[in-house]
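> Pasting the relevant annotations from TrEMBL:
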type: TRANSMEM; residues: 6-30; note: transmembrane segment
type: DOMAIN; residues: 62-339; note: domain 'NADH:quinone oxidoreductase/Mrp antiporter transmembrane'
type: TRANSMEM; residues: 65-82; note: transmembrane segment
type: TRANSMEM; residues: 94-114; note: transmembrane segment
type: TRANSMEM; residues: 134-154; note: transmembrane segment
type: TRANSMEM; residues: 166-183; note: transmembrane segment
type: TRANSMEM; residues: 195-216; note: transmembrane segment
type: TRANSMEM; residues: 265-286; note: transmembrane segment
type: TRANSMEM; residues: 351-375; note: transmembrane segment
type: TRANSMEM; residues: 395-415; note: transmembrane segment
type: TRANSMEM; residues: 444-463; note: transmembrane segment
type: TRANSMEM; residues: 484-503; note: transmembrane segment
type: TRANSMEM; residues: 560-576; note: transmembrane segment
Amino acid sequence: MRLDGISAFFLLLLTVVGATGALYSQTYWAQKAHPRSAGQSRLWWSAMLASMGLVLTQSNGLHFLFAWEAFALTAYFLVTLDRKNIQVRAAGRLYLIASHAGTLALFGFFAALAAKTGSWELGPMTSQTALAPLFWVALAGFGIKAGVFPLHIWLPSAHANAPSHVSAIMSGVAIKMGIYGLIRFSSWLPLPEGAGWVVAGLGSASAVLGVAFALGQHDLKRLLAYHSVENIGIILLGLGFAMIALDHGRPEWGLLALTGGLLHVWNHGLFKALLFLGAGSVLHATGTREMSRLGGLWKAMPWTASLFTLGAMAISGLPPLNGFVSEWLVYRGLLDAGRLKTGVALGALPAAILLGVTGALALACFVKVCGVVFLGAPRSEDVAKARECGVGMRAAMTVLGACCLIIGLAPAFFWPTLLRVASVWAHTDSGLIVPNPLSPLGTAHLLLALAALTVAAIAVLLPRGRQKRALTWDCGYRAPSSRMQYTAGSFAGIITAWFGWILRPAVKVSLPDDIFPARSSLESRTPETVLEQVVIPAATHILRLADFVRTFQHGRVQSYLLYLCAAILVLSIAVLL
């Protein structure tokens, strides 16, 4: 076993999110409400945390595979805790298939690595250039677990249908095991030519398309799941340009990109866990994840609404929160690389632009979420009866929200830790000594926070004139209702239309045929394009081919002997030619 800077960095995230998730689940998945599965939840939760800890500390390829498989199986049992639900079973089945496809790739990777090196022991192997092609196999195996586009097909359904505390650990930590593998082996293996550009390209595609798919969602937890794809893309963007910098003598811009990606591992784990726990509180209080049925929850659930909005600001990259800090470091690395008079600038500047587009789309998406879910009027009776979640659930969310604030307001404190992890990745035993670029950012964030608090205090304490409550302008309708509010689909309709070429939204309209008023409806849905239009059709064709081949297996020994003779004849001709 090995515990170095990289392992400790991920273990700390595992500890924080694991502890807050366990606290949250005591109320959310309580024994009284779930007598059959509450005990199983605690068992598999503990087993999953232990197996992820083993993954992070293994220095032997065979032991790594055993821990990886234990982690995959325990995650499956957590995802399918509510296995009576057919959607949960389908999500678990898809997760298991995708997870084992990744495990198969990793088995091939470690087996080939052991065959070429003569040992299962892991460590730096950068001098053995013959190992470079194995990086592509590792990228496929770890990329599936990380949810890199287009290998993310399991992620939306698993995160949406799992219990919310499980969604939090899956998104906040579990998919980071794939990132851990990529960071670890991009440091240990000799990198093939162009590997950094491929990783950065996958990161850019995951970031932009992940947030585009999120904008098209009506299911709150599925929307958050797609934002996991987006943020994994931001991490890969930083890692990819750090790998490119490695080929150019490790200049400072590569260090900025790498530390930005590393810090975003922490940041995404914290604010995404907070958002999933907030979504779980909404689901716990209302019984639905459909945003079109929610609304007006800020008054009924002020703690949940405030903490969810804090997480939404963080994931949107707004100062003075932690998401801005890590994205700013990646920006700095990309913009510094863009000043070079080399081919690197031709890739760095478009990547910086795409990162900016991603941030703008993420902000639009969470304006939609907070507006539709927490503002306005309740859209159903169950939502109107909603009440704030329990103390344990609020405490867990408060801890995560406080972590987001601390990193945002005092980012300079974490710079030495990031440098130590980067030193391990770059094999610099003496450590990297670089001026702290986060000191001025922390000062600016503190001033911004003080200004915001001052404005809020003035707004609260300043004497107000007489106030009068009135209905919102109803455009001339005499009987306004909650159905007249903007929905999640209508709010993001224009933006999703821009990405119609990849989202392929399905719209079903039912209009009255008569001249008199009658009931009409409009239903819209954004499918999982890669799964539904690529993977499933391909699997269907393969199964049809298998059905055709199965006709040759009919149980007659004479035919099997004929097949054998034909095969020998074909092989003999091939040898003679």
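Cβ coordinates are placed from backbone N, Cα and C, and glycine is handled just like the others.
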> Do the transmembrane segment (351-375) and the transmembrane segment (195-216) come together with 3 or more C-beta pairs under 8 Å, pairs six or more apart in sequence?
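Yes, the transmembrane segment (351-375) and the transmembrane segment (195-216) are in contact.
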> What stretch of 94-114, 166-183, 265-286, 484-503, 560-576 shows the most Cβ pairs under 8 Å to the transmembrane segment (134-154)?
94-114
> State the residues, same chain only, that lie 6 or more residues beyond the ends of the transmembrane segment (265-286) and have a CB under 8 A from a CB inside it; answer 'none' if no residue qualifies.
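Counting only partners 6 or more residues beyond its ends, the transmembrane segment (265-286) has Cβ contacts under 8 Å with 9-10, 12-13, 16-17, 20-21, 24, 28, 159, 163-165, 167-169, 171-173, 176, 179, 220-221, 224, 227-228, 231-232, 234-235, 293-294, 297, 300-301, 304, 307-308, 310-312, 314-315, 321-323, 325-326, 373, 380, 382-383, 386-389, 393, 396-397, 400-401, 403-404, 407.
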> How about long-range neighbours of the transmembrane segment (484-503): same chain, 6 or more residues beyond its ends, C-beta under 8 Å?
209, 212-213, 215-218, 291-292, 295, 361, 364-365, 368-369, 371-372, 376-377, 379, 474, 477, 524, 526, 529
